[in-house]
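Peer 1: Okay, so TrEMBL annotates it like this:
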TRANSMEM  561-585  transmembrane segment
TRANSMEM  597-622  transmembrane segment
TRANSMEM  709-727  transmembrane segment
TRANSMEM  739-766  transmembrane segment
TRANSMEM  778-798  transmembrane segment
TRANSMEM  834-862  transmembrane segment
TRANSMEM  897-920  transmembrane segment
TRANSMEM  1003-1026  transmembrane segment
Amino acid sequence: MFPYGVSLSELEAAETDSIDNENWPTAMASPIERLFTCGDQETPLVEEPAAQQPRTVGLSLWFSEIIYRILTAIFSIPELLHRTYITFNRTFSQRDFNVSEAEIARDDCNISNPLFEDNNFIRAHANGNRENEREPLSNKVSHYSTFQSKPIMSFRSEPLKLCQLIVPKDSAYDCVVELGKKSVVHFKDLNKNVNVFQRTYVREVKRCSELERCIRYIENQVIEGGAKKFIPEMDTSNIEISLQREIYDLEIRLFDLERDIRILLDNETALRRNCNDLMEFQEVLQKVESFFDIHIEDKARNQLDVDRSQYNDFGTPLTPLIDHDATPWFVAGTIDTSKRVPFERVLWRACRRTAFVKTAEIYQEFKDPETRKPVEKSVFIVFFKGQKLKDIVDRVCEGFKAKQYPCPKSSRERMLVLADLEIRIHDMNIVLDTTKTHKHELLSNAAVGLPEWNRQVHLQMAIYHALNNFTFDTSGNFFVAECWVPEIEIDDVMQALQRGANKSGATVHPILNVMETEEIPPTYNRTNKFTQIFQDIVNSYGVASYREMNPAPFTIISFPFLFSIMFGDFGHGLIMFLAGLYLVLNEKKLSKVRNEIFSMFFSGRYIILLMGLFSIYAGVIYNDAFAKSFNVFGSAWTKDMYTKSSGAYNNSQSYIEFTNMLSKGPHESELSPSLFYNHDHGPYAFGIDPIWNLAENRLSFVNSMKMKLSVIIGIAQMAFGLFLSLLNHRFFHSNIDIYSVFIPQILFLTCIFVYLCLQIIVKWIFFSVFPGTIFGRYYPGAHCAPSLLIGLISMFMFKKREAGFVDMTNENRPALEGCHLNQWYPGQSTVEMVLVIVALLAVPVMLFGKPVYIGLISMFMFKKREAGFVDMTNENRPALEGCHLNQWYPGQSTVEMVLVIVALLAVPVMLFGKPVYVLVQRFRRRGRKQLGHEEGFGDIIMHQAIHTIEFVLGCVSHTASYLRLWALSLAHSQLSEVLWDMVLSSGGLATESYFKSAICLPLIFFLYALGTLSVLVIMEGLSAFLHTLRLHWVEFQSKFYIGEGYLFVPFSLKQSLEKIREGSDYY
C-alpha cells in the first residue's frame, strides 16, 4: 500500500480503464495538478461517470469542499513559477545530462500513447485475457522516455516501475555492464536467504578480493618507497570494462609484481641487517680501543682482585670462582639503549659482583631493517675470569638479545679488523644504493598503473556483486532479476540490454517485463552537484516516502534565508560569501584534498555561498556591518530648527522644547518623532535608519521589529507546509485527509496565528505617533497603540473590552484609561469569538474525522452492487451469480449511502450540540463550564489524537520556536558590538598617541580579525546553521513530510569508482 491508503493495483486499474483516452492530463488536470503531476503514472487517469459512481456528501463535507475549492483556486498561482522552474531545468538538463533539444521539446504532460503499448510488457485486454508477447528489444519503441525530460530536481521523486529481467546466462555479464553504465537500475537481492559463500559468483568475488589485497600491498610499498608522486589521478569517467582475458593477464602480472617486490624487499632487508652488523662491529672495536687506551683493563683487574670474604653467612668456606693467576677475559657487543641499565644490574647479580661492566652510547643512527624505525644502540664490555662466568655472561646476553662480536685482544689486530670493516661497509653501501635504485624504478613503474588496476578490479567486483543478486529459472539457463527502474528510463534500459546482448553474441535476447506489485518503491530524486547538498540535508532527517512532496527544492531558498535572519551582518556575510565563492571557483583543485574536516565544508560549498549571499542581504536590511551602520540614503531623523535666511529659529515652541530636553542631560534626552522626524522625507529607503545605531533604546526597537518579523516568517512557513500537505493529499487522492486533516488544520492556524500576523502588519501600517482616525475611530497617539500580547490573551478569555480609545462624550476627547487594551476596530470581539470557536471546532474534526470515516468504510464498505437479478443481454435472461446481493430498486446504493451519512452526522450534533450552546451562553454570562473527557475509539482514534495534539500544541510551540530567529540575531549583533567596542575601539582606535597607535593597532586588529573569524563567522555560523536545520526538520517538514521511504540505490559503475577515489588518499 502507498501512503494515504492508495494501492498500486488500484492505480494500475485506473490506468487500464483509461487506455482509450489519449489526452487525459490536459482534459482532467487542474492547473495545480498539472504543476505537480506532470507525467506521473501513479494518478488515476479518468473519473467514473456520475451514473456509475455517485458523489454525494453531507452538509459538513459540502462546506469543507467549498473551502477546499477556494484554496485550490488561490493556490493555482504558483503555476507561473512552475513554468519558470521548468525552463531552468531544461537549461541545466542540456548541460548536465546532454539531453538534446528535440528530447527536451517533448517535455509535455500530454501523453498520446496508451500505457502498456509495448509488446514486451504484460498487457491487459478488454476481454480480460493477458498476453506476454516477447520480441527482440531492437524491434520495440518505448513510450516512457517521451513523457518528460530529466530535470535537475523535481518536486516529487521519480515514478518507478518494478521490472523483471530475464537474461541468458551467457549474456548476463555484458548486460549488467551496460546497465551499470546507465546508473538507473536498482537491483533487488533475490538471494537474501542464501549464504554469501553459496552464491553463484563467489569464486570470482574471491579472486577479485585477492587482487584487491595484492593491489593494496603494492600501493603500500609504493607509498613507503617514496614513489607516491608517480601515482596519477583515477579517471572516474572511464567506465569501460576490460575483457576477461585481460583480467587474467592482469592477475598474472600483479602476482608476479608482488613476488618481485617481496623478493627485492627481503634482499634489501638482509643487506641492511648485514650492514648494521658491520657498522655495530665497527663501533664496538672503536669503543674497545678507547677503553684500553685509558687502561680500563687495570681498573678491572684491581676490581677483580679485591679481597673477598672466604666464608658465607653460615661460616662455610667458599670456593673461589676466579683463579688469580688466570688470564683476564672480556666480551664486547651491542645492546638496545633502553635495556642498558637492567642489563648491568642482572650481570652484576648473576656473576656475584665478580664481573665488571662498562657501557657507552652509540651516537650514530641505526634503523631497524624490517620496520625502518630508528633504534638507539649502546656498546658494552664485560670483564671476567673463568669459563663459568663466560657461560653466565653468554646466557644473560642471549636473554637481553644483546649481540656479541669477536673483538681481538691486541690493539694491532683490532686496527687491522677496523680497516677491513671500512672496506666491507663501503662495498655494502654501494650494493644497497643499487638495490634502492632498482626498487625505486620498480615501484615507480607500478605506481603509474595502480589507478587503472584498481579501477578494473573494483569494476569487476561491482559487476559480480550485482550478478549475485540474480537467481536462476527452473531450467538453469536464464538469470532472473527484479529491479526498480524510473519510468522515463525504461527505453534506455531496453537499449542497454540490447547492446549487452549484441556484445555477447547471444542468440536469445533479454526480456524486460513490467510487473504489478503492491511493494512500495524506493525514492529517487535527481540531483546535481548544486542540489545534492540540499537533498542530503532533507535525507538526513528521513528519506521521503515514495512520490510525496520533496522539501529540497524549497530548502534551496528557505534554508539560507532563515540562516541569514539569524546571521544578518553585511561584513560577516561578505566573508562567508567570499569563502564559498573561493571553494566554488576552485572546486576541481580542492576536490583532491583528502581531509575529513575540510571535506565537510567543501561538500557544502554551494550552501555556504548562498548563506553568505543571503546574509549580505539581511545585513543591508538590518543596516549592520561589523556592528556599525551606514547612512547611505540620509536619515529622516533631522529637522532644522534654525533658518539661515531669517536668522531665527523656524519654530520657537520646538526650540523651547528642544532646549528643555537637552537640559536633562544627554543620557535622559529623548527625540520626539513629532519634533525631530522629517515626515516629508519618509522612512529610510532600504533597511533600518542608521540613527538607531546611536540611540540608547536601539535594542528595544530592533528587538520588537525582529521578534514580530520572526513570528510572521515562521507562521508563513508553517502555513506553506500545510499547503504542501494539501498537494500530497490531492496527489494520493486522499479526500478524507483533505476534509478531516488539512482544512481543520489550516482553519486552526489561520484563525489564531495568521490573525495575529495580520494584527502585527495592521499595527505597523496604521498606528503611528500622530493622532488620527483609524477604522472609523479616533486614535489619540502612540500611547494608545493596541497591545498584541494582551489582546491575544483577551481573545481567548472572551474578555469584554471597551470600544475605541477616547471618551467621545467629552468634547476634549480624552484618552480612556488603558486605551491600548480596548477594541481598535468595530466588531472586534465578535470576530475574535468566531475565530476562536472555529479554531476549537476544528480540533474534534481533526481528532474524530478520519477515524469515523475509516470506521464507516470498515462497517458498511459502501459496496457497489449490480442492478437487477438477471443478465438482460442474454435472450434466456439467466440469473446473475449472487443475484440475492444485487440492487432491487433503482439508485439503491446512492440512497443507502446518503442515509448512512446523514445518520452518522446526527451523532456529533446530538453529542456536541447542546454542550456547545450551553458553553456559549455561559461565556456570555462570564461563567465557565468544565467539559468531560471522551473515551477513545481504539488504535485509530489514538493515532489521530496524537497527531491532533501534536499539531495543536505544535502550532504554539513551533511559533515560539521561530523566535530563535530573533534571539540568535540579537546575540550575533551584540557579540559583534562587544568585540568592536572592547577590542578594536578601546584597544587601538582610542589611543591618542600616533606612535602607540602605530604599534598597537596592527596587533589589536589581528586580535579583532581572529575573534571575528573564529567566533562571529565560524562558531556563530555553525550555531545558526544548526538552528536552521531544526526549523526545517521539525517546524517546517512536520506539517507535510512523512519521511518513511528508502533510497533508490542504482547499480552504477561510475559511483563505484567515485567511492574508491573518495576513500583513498592517493587517487
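Including glycine, each Cβ sits where the backbone N, Cα and C put it.
Just so you know, TrEMBL annotations never went through curation; they're auto-generated.
Computed from a predicted structure; not experimentally measured.
What's the neighbourhood like for each of these?
Peer 2: With a cut-off of 8 Å between Cβ atoms, the residues of this chain six or more beyond the transmembrane segment (1003-1026) that come close are 563, 566-567, 569, 572, 575-576, 611, 626, 968, 971-972, 975-976, 979-980, 983-984, 987-988.
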Peer 1: Any residues 6+ beyond the ends of the transmembrane segment (597-622) with a Cβ under 8 Å from its own?
Peer 2: 529-530, 533-534, 536-537, 556, 559-561, 563-565, 567-581, 583-584, 587, 590-591, 686-688, 702, 969, 973, 1021, 1025
Peer 1: Residue list, the transmembrane segment (739-766) vs rest of chain: Cβ under 8 Å, 6 or more residues beyond ends.
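Peer 2: Result: 61, 64-65, 67-68, 71, 708, 711-712, 715-716, 718-719, 722-723, 725-726, 729, 774-775, 785-786, 788, 791-792, 832, 835-836, 838-839, 842-843, 845-846, 849-850, 853, 947, 951-952, 955, 959.
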Peer 1: So which residues does the transmembrane segment (778-798) touch in its own chain, when a touch means Cβ under 8 Å and the partner is 6 or more beyond its ends?
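Peer 2: That would be 756, 759-760, 763, 767-772, 804-806, 808, 813, 815, 819-822, 824, 829, 832-833, 835-836, 923.
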